[in-house]
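**Student:** In case it helps, TrEMBL gives these features for our protein:
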- 32-164: domain 'DOMON' (DOMAIN)
- 171-370: domain 'Cytochrome b561' (DOMAIN)
- His210, His246, His279, His315: heme b binding site (BINDING)
- 211-229: transmembrane segment (TRANSMEM)
- 241-262: transmembrane segment (TRANSMEM)
- 282-299: transmembrane segment (TRANSMEM)
- 320-339: transmembrane segment (TRANSMEM)
- 345-369: transmembrane segment (TRANSMEM)
Amino acid sequence: MAPNLAAVAGSCADDNLPANRTYAHCAALGPLGATLHWTYDAKTAQLSLAFVAATTPGANGTGVGWVSWALNPTGDGMKGAQALLALRTSAASPYRGNPPAYVVNTYNLTGHRALGGDSTPIAYKASDLAAELGADGRARVYGRLKLGNSGANGGVLNQVWQVGASVTGGTPAPHAMGADNLAAKDKLDLLRGTTSAAGADSATQKRNIHGILNVVSWGVLLPMGAIFARYLKTFQSADPAWFYLHVTCQLIGYGVGVSGWATGINLGNESQGVTYTDHRNIGIAVFALGTLQILALFLRPKKEHKYRAYWNMYHHSVGYTVIVLGVVNIFKGMSILGVEQKWRTAYIAAVCVLVVAAAALEAITWGVVVRRRKAEGKAYNGAANGHHLPH
């Protein structure tokens, strides 16, 4: 595949990759003067890449250190990164002028500790690993990674890169801790060919908006509306307030949910070749059933109507189905987006609060109903006994 326009602009044009190394996208990464070229095949989940960065120059102008690029499936820093690291060997390279040869090791970076001279297994199947030192003193690292499900997280992954000053006895020495070294990380959008040092480009922002809208609507407001309807109406003092609370939550929740659904459809149209079948199908089902619920409000029979009982059964069953499917789909969406654990935990806590509130209200309302029935039974028996008293 021929490189796109980005690959011939700015620092990318200075990389002078070999003719047999062409990629669909290229981006200047900023810190440490690094660039990344890549092609991502969504069907096979394979990422082909070339990472270019300057090693620390020695006295003769040739690079003598190491360079590394990594994807991090669990966070946005070094810990948990799955790294490709090119380091100098003692052998000479066949390159013009015979600068030091480079070998590519893989490392699973489990923490801030010294690396050994040998590769360790990483989460991705790596192949076609190679590295060379260009005439400009910058190292070029090549490779292919089979990303599997990691590449499906909305096509946006955390990347980290680094350079080191030296290699001692085949072992990369620790890198410096300067501002550029600490800032060498951002997000890589595999599909749209962009990076985002600020943590969210426009595509990522759309995904986040899509997720937030759906969490607020299907995941919070609709369950709250159902709780108001099921439990508050038991209390005579809450009538008709419970009904207005219920309708308000459901209408606002549905409106916000429609916005989230529309944003998801737009994201799907912008991500040709990338389909999350289960998430999409459940989302369509939730939207369709939610729409039926709203339309059913206009067909709601009066309390004394003979069909009111059937309408209630329909309304309750469809409503609870929408809530369950909505919550399930929210968790699927979080997996697709690769949401940080703290946000997952926050939503799980919100769901637990709703469940606990529902359980407590269930017990309270049953107690109210039982006491009310006992009182009504006593009143009925008293009236019946009084009916037979002599005048």
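Glycine residues also receive a Cβ, built from the backbone N, Cα and C atoms like all the rest.
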**Student:** For the transmembrane segment (282-299), find every same-chain residue at least 6 residues outside the stretch whose CB is under 8 Å from a CB in it, and list them.
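**Tutor:** Residues packing against the transmembrane segment (282-299) from afar: 218, 222, 247, 250-251, 254, 257-258, 261, 264, 311, 314-315, 318-319, 321-322, 325-326, 328-329, 332.
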**Student:** When neighbour density is defined as the number of other C-beta atoms within 10 angstroms of a residue's C-beta, which of the binding-site residues His210, His315 has the lowest density?
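**Tutor:** Minimum Cβ neighbour count within 10 Å, taken over the binding-site residues His210, His315, occurs at His315.
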**Student:** In the same chain, which residue numbers or ranges, 6 or more beyond the ends of the transmembrane segment (241-262), come under 8 angstroms Cβ to Cβ?
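**Tutor:** Non-local partners: 209-214, 216-218, 220-222, 224-226, 228-229, 232-233, 235, 283, 286-287, 290-291, 293-294, 297, 326.
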**Student:** Name the residues of the same chain, 6+ apart in sequence, whose Cβ is under 8 Å from the Cβ of His279 (heme b binding site)?
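**Tutor:** Those within reach of His279 (heme b binding site), by Cβ under 8 Å and sequence separation of 6 or more, are Asn329, Lys332, Gly333, Ile336.
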**Student:** Below 8 Å Cβ to Cβ and six or more residues apart, same chain only. Which residues does that give for His246 (heme b binding site)?
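**Tutor:** Correct list: Gly225, Ala226, Phe228, Ala229.
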**Student:** Pop the mean pLDDT for the domain 'Cytochrome b561' (171-370) in here, whole number is fine.
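**Tutor:** Averaged over the domain 'Cytochrome b561' (171-370), the predicted model reaches a pLDDT of 85.
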**Student:** Of the residues named as heme b binders, His210, His246, His279, His315, how far apart in Å are the Cα atoms of the most distant pair?
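**Tutor:** Comparing all Cα pairs, the maximum is 27 Å.
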